[in-house]
Amino acid sequence: MNKALKALGVLTTFVMLIVLIGGALVTKTGSGQGCGRQWPLCHGRFFPELNPASIIEWSHRFASGISIILVLSLAFWSWRKITPIFRETTFLAIMSIIFLFLQALLGALAVVFGSNALIMALHFGISLISFASVLILTLLIFEADKSVRTLVKPLQIGKKMQFHMIGILIYSYIVVYTGAYVRHTESSLACPNVPLCSPLNNGLPTQFHEWVQMGHRAAALLLFVWIIVAAVHAITSYKDQKQIFWGWISCLIFITLQALSGIMIVYSELALGFALAHSFFIACLFGVLCYFLLLIARFRYESRQS
């Protein structure tokens, strides 16, 4: 496979990750209005004023603009080169373009017209899908280079494992929205203790922001336990299928790091590094879970053909 196409895939995936984390940086630093209510200009200028909020917001917009060029190029090139090898290519190329433009549109509308916490949470959720689409498209490019298709040999995925893969993917997306809602309602430090909320009221939440925070913690705890269950099933029953075995090991690592970074956000009183790490780990986890969905689609297709 063309080395330039591989390089483009890696670069595009990296830039999409930068855009995703950059959006979290804009939110964490309160830089959403760093360029005023103007888009694409920044206070009527192409280049930003030399203050942190304007530079952060402008940099996020610039990275988003670069990502549009890269994603369009990657989608078209991969569609031309690897569609004959992988039938999923066209779907992923279209997905990456559609969700990228939805992501950009929501961001622009939020700047110009203002937005609420629910809309901004939706913006982050769409950004995750956009990133995952590009990530999987890049994986396909590398897989297409395997002359014997060693990475995509026929799989055997039982109904129990399919349930875990699909269920955890859907549920993790819901948990992502609860986390984004925590961020956009400024509820990150509503509960100063872990795992309970505070010394008051036996550690239970008493007002809206505390309920938002504890609701996210409860949802995240269930996700953590569910991934442990799925990982144990993979370790005991899928040792010979590397994509599934190592995929769940990766998920277990990412969800553990995700939980630790979330705890450190509370104890560090919203340290920026931990907050950005929290966004990074969930992006990695979601990418692996989306790849599982691709494996299921392949398995079902090959089962119908046999």
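Easy rule for this one: first residue shown is 1, then count along the chain.
Quick reminder: no glycine exception, Cβ is built from N, Cα and C everywhere.
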Lys159 / Gln207 share membrane side in Swiss-Prot: no
Cys42, Cys191 - which one Swiss-Prot pairs with Cys35 by disulfide: Cys42
Highest-contact recorded stretch vs the transmembrane segment (211-236), from 3-25, 89-113, 160-185, 243-268, 272-294, CB pairs under 8 Å: 160-185
Neighbours of Cys35 (disulfide bond) among the recorded positions Glu57, Cys191, Cys197 (Cα to Cα, within 10 Å): Glu57
The transmembrane segment (89-113) in contact with the transmembrane segment (52-78), cutoff 8 A, at least 3 CB pairs, sep 6+: yes
Structural state of Cys42 (disulfide bond), classified by DSSP into three states: strand
Secondary structure at Glu57 (active site), reduced by DSSP to three states: helix
Separation of alpha carbons, Glu57 (active site) and Cys42 (disulfide bond) (Å): 9
Glu57 (active site) to Cys197 (disulfide bond) - Cα separation in whole Å: 33
